[in-house]
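What Swiss-Prot records for 1-25 is signal peptide, and it gives similarity to another entry as the kind of evidence. Residues or ranges marked as domain 'Sushi 1' by Swiss-Prot on the basis of sequence analysis: 35-100. Feature annotation from Swiss-Prot assigns disulfide bond to C37-C76, C62-C98, C103-C145, C131-C158, C165-C205, C191-C218, C478-C596, C511-C527, C599-C615, C656-C682, C695-C725. Here Swiss-Prot flags 101-160 as domain 'Sushi 2'. Per Swiss-Prot, the feature N-linked glycosylation site maps to N122, N142, N285, N378; the stated evidence is sequence analysis. For 163-220, the entry in Swiss-Prot reads domain 'Sushi 3', with the evidence type sequence analysis. What Swiss-Prot lists as domain 'VWFA' is 270-469. Marked as domain 'Peptidase S1' by Swiss-Prot on the basis of sequence analysis: 477-757.
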Amino acid sequence: MGSNLSPQLCLMPFILGLLSGGVTTTPWSLARPQGSCSLEGVEIKGGSFRLLQEGQALEYVCPSGFYPYPVQTRTCRSTGSWSTLKTQDQKTVRKAECRAIHCPRPHDFENGEYWPRSPYYNVSDEISFHCYDGYTLRGSANRTCQVNGRWSGQTAICDNGAGYCSNPGIPIGTRKVGSQYRLEDSVTYHCSRGLTLRGSQRRTCQEGGSWSGTEPSCQDSFMYDTPQEVAEAFLSSLTETIEGVDAEDGHGPGEQQKRKIVLDPSGSMNIYLVLDGSDSIGASNFTGAKKCLVNLIEKVASYGVKPRYGLVTYATYPKIWVKVSDPDSSNADWVTKQLNEINYEDHKLKSGTNTKKALQAVYSMMSWPDDVPPEGWNRTRHVIILMTDGLHNMGGDPITVIDEIRDLLYIGKDHKNPREDYLDVYVFGVGPLVNQVNINALASKKDNEQHVFKVKDMENLEDVFYQMIDESQSLSLCGMVWEHRKGTDYHKQPWQAKISVIRPSKGHESCMGAVVSEYFVLTAAHCFTVDDKEHSIKVSVGGEKRDLEIEVVLFHPNYNINGKKEAGIPEFYDYDVALIKLKNKLKYGQTIRPICLPCTEGTTRALRLPPTTTCQQQKEELLPAQDIKALFVSEEEKKLTRKEVYIKNGDKKGSCERDAQYAPGYDKVKDISEVVTPRFLCTGGVSPYADPNTCRGDSGGPLIVHKRSRFIQVGVISWGVVDVCKNQKRQKQVPAHARDFHINLFQVLPWLKEKLQDEDLGFL
């Protein structure tokens with residue numbers, strides 16, 4: 001850096017149904033029920049409780065590894081007493097207690113043995129399976145009892161291949177009736193008293209050797225799906241649906257392709273989001289679910305996917321906010337706007353729970369007038385995301401509408417072509433009050449897929465959302481981040497690189513940079529001198545402590561910090577950009593990902609622009625002639641933070657650039673364009689807002705435009721007029737002429753394109 005100036009070293013869609021199971025929590029010590037039920041004597045030994053539904057119900061809460069016995073929830077009855085504590089065999093218990101979670105034992109295991117045998121298994125206990133001679137083991141040979149009361153792995157099955165269909169197995173905890181696996185033979189499953197069956201109770205051997213329905217399991221009330229389980233199961237199922245759509249267009253998507261498919265806007269896939277807004281949900285949970293859906297739609301769109309959306313909320317009556325037939329129903333921005341305008345109070349006056357009516361609204365969007373099906377109706381796949389606690393209290397059984405929808409779409413009528421792939425109904429429930437029987441009845445049941453989910457709380461559902469959208473096949477997409485509450489600095493800024501140059505007897509230089517490909521980091525040229533050796537340059541990414549080996553530093557050929565000394569300009573920062581080439585290829589992950597560069601195919605997709613978009617059109621989108629909201633990343637007290645600034649690219653541009661004369665060494669420059677060339681972008685000042693300024697260690701870092709949930713680098717931080725961090729701390733009060741200047745990447749594109757030509761960035 002210069003000595004006088006202050007250069008600043010600085011699918012496929014993934015859809016999620018989000019809904020609370022009617023939980024409005026209140027610490028028991030702070031509130032009493034609004035009803036007449038006393039809190040005296042309701043305590044649980046070894047745990048605590050919290051009130052739900054404004055005190056009309058309560059939930060017992062136990063430490064991890066324990067469950068509430070004999071029940072998880074109690075309701076306040078009209079008699080003024082809490083519901084009785086009864087065991088699964090209807091015996092009355094005087095006081096609730098927390099008991100250790102056990103995993104169920106296998107009731108039966110066909111054609112093999114398991115060990116050890118026990119009436120129950122504690123958390124972390126293991127069980128092993130092996131088959132008799134002549135039988136082959138499918139599934140997991142070893143399984144571990146998990147903290148949620150479920151076994152790890154897959155159902156162990158011993159099969160000799162003699163049946164037309166393979167042995168469907170006996171999931172641990174279930175009982176199976178039927179041992180013949182010929183074509184059209186059926187088996188049925190049952191659970192012990194007090195447990196709820198999830199999945200298919202009856203499965204039939206179908207033509208082709210597959211079983212109808214989905215594998216069953218027996219659920220206790222305290223059991224929840226973990227975020228990881230939900231993310232993996234839902235993503236796997238939905239990806240199958242997307243790949244089916246793509247295959248009909250003659251494509252065979254690879255792992256990378258299937259997340260870049262732009263579906264036919266005429267309706268290759270319709271997605272119906274159905275949100276329960278009834279009284280049992282509560283305003284805060286409704287708002288939280290709505291916010292998550294907004295983020296979800298944004299994320300789906302950020303992958304370049306364009307399904308048509310239908311959007312329904314309901315209580316006593318449904319309200320259709322978006323129809324799949326609306327001209328803009330595949331426009332994520334428009335759909336998001338409609339969702340943002342929905343209020344929980346829209347259903348306040350009639351707040352029953354009529355799930356049947358809501359599904360009838362979906363049916364009306366699927367159906368066609370005059371019973372004349374439109375062209376291509378039989379190629380459109382339909383995905384319903386139903387967000388409900390399953391506690392419908394009016395309107396009748398909603399499963400009848402699912403049957404009508406199946407009939408409309410001609411599903412299950414022809415055994416040779418059952419068309420099951422053309423309808424997927426996913427049901428999500430959150431919290432302890434979910435009716436597991438009802439939500440299981442509504443969900444689709446497909447072999448090797450899961451369509452019904454129950455998670456513990458909204459926080460867990462948020463985890464599901466982030467785990468699903470951030471799976472490994474999207475890691476190479478530029479400008480993506482993991483904006484999760486548990487995310488580290490580098491989850492939220494995965495492109496950020498820290499650069500240090502060690503100079504013997506001269507100390508060290510600190511800079512920032514941005515990962516732009518698997519081999520390159522983009523930074524400022526002034527961070528280095530001609531005497532710096534590669535071994536003295538340290539680069540770290542992803543918050544890792546190890547330094548990356550450097551192969552070479554590539555400077556822009558027109559950069560020359562001493563280029564105008566004879567003209568009385570001590571330091572000249574035009575073309576202040578450099579690329580650091582790494583010796584070894586970066587391994588992308590959640591904390592190491594590339595930022596988007598202008599005029600690349602990746603940025604076209606990120607901005608959701610047509611494939612024919614030109615570089616000039618990208619520039620107009622990212623850098624219009626006005627004040628442009630942008631950000632940079634700074635390190636304060638060893639923590640990365642985003643700083644919001646405005647690029648002055650409109651009527652304030654001239655005054656911003658003129659303030660460069662206040663920089664040390666530039667006070668005698670008569671023509672400011674001698675130092676502020678067309679290659680610079682200007683931020684800082686107090687209008688339209690007081691912008692934060694960069695510090696010395698920020699130099700070389702990216703100036704970023706955040707648009708449509710993606711981050712696009714438009715500049716490289718170069719130099720500033722005022723050193724606002726003289727005493728290792730950013731000053732709060734700075735003069736209005738405190739400006740920062742950044743190299744405009746649109747102005748150095750030929751050089752970037754030349755040096756990054758082998759990085760598969762798809763420059764336009």
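Every residue, even glycine, has its Cβ placed from backbone N, Cα and C.
The shown structure was predicted, so the numbers you read here are calculated from the model rather than taken from an experiment.
Under DSSP, C478 (disulfide bond) is assigned to coil, being neither helix nor strand in the three-state scheme.
Across the domain 'Sushi 2' (101-160), DSSP assigns 0 helix, 25 strand, 35 coil. With respect to C145 (disulfide bond), the closest of these recorded positions in Cα terms is N122, chosen from C76, N122, C158.
For the domain 'Peptidase S1' (477-757), the predicted model reports an average pLDDT of 93.
With respect to C527 (disulfide bond), the closest of these disulfide-bonded residues in Cα terms is C656, chosen from C37, C98, C131, C165, C656. Straight-line distance linking the Cα atoms of C191 (disulfide bond) and C103 (disulfide bond), rounded to a whole number, equals 14 Å. In terms of DSSP secondary structure, the domain 'Sushi 1' (35-100) contains 3 helix, 28 strand, 35 coil. Put simply, C695 (disulfide bond) is 68 Å from C165 (disulfide bond) when counted between their Cα atoms. Among the recorded positions listed here, namely C103, C205, N285, C596, C103 has its C-alpha nearest to that of C218 (disulfide bond).
Cβ-based crowding with a 10 Å cutoff singles out C682 as the top-ranked of the disulfide-bonded residues C98, C131, C682. The Cβ of C725 (disulfide bond) has 20 other Cβ atoms within 10 Å, all protein chains considered. Taking each of the disulfide-bonded residues C37, C158, C205, C511, C527 in turn and counting other Cβ atoms within 10 Å of its Cβ gives the largest count for C511. For C478 (disulfide bond), the nearest neighbour among the disulfide-bonded residues C98, C103, C511, C599, C615, judged by Cα separation, is C599. In sequence order, Y410, R419, Y422 are the residues near N378 (N-linked glycosylation site), counting only same-chain partners six or more apart with C-beta under 8 A. The residues of the domain 'Sushi 3' (163-220), classed with DSSP into helix (H, G, I), strand (E, B) and coil, number 0 helix, 21 strand, 37 coil. A simple Cβ count within 10 Å picks out one of the disulfide-bonded residues C76, C145, C596, C615, C695 as the most packed, and that one is C596.
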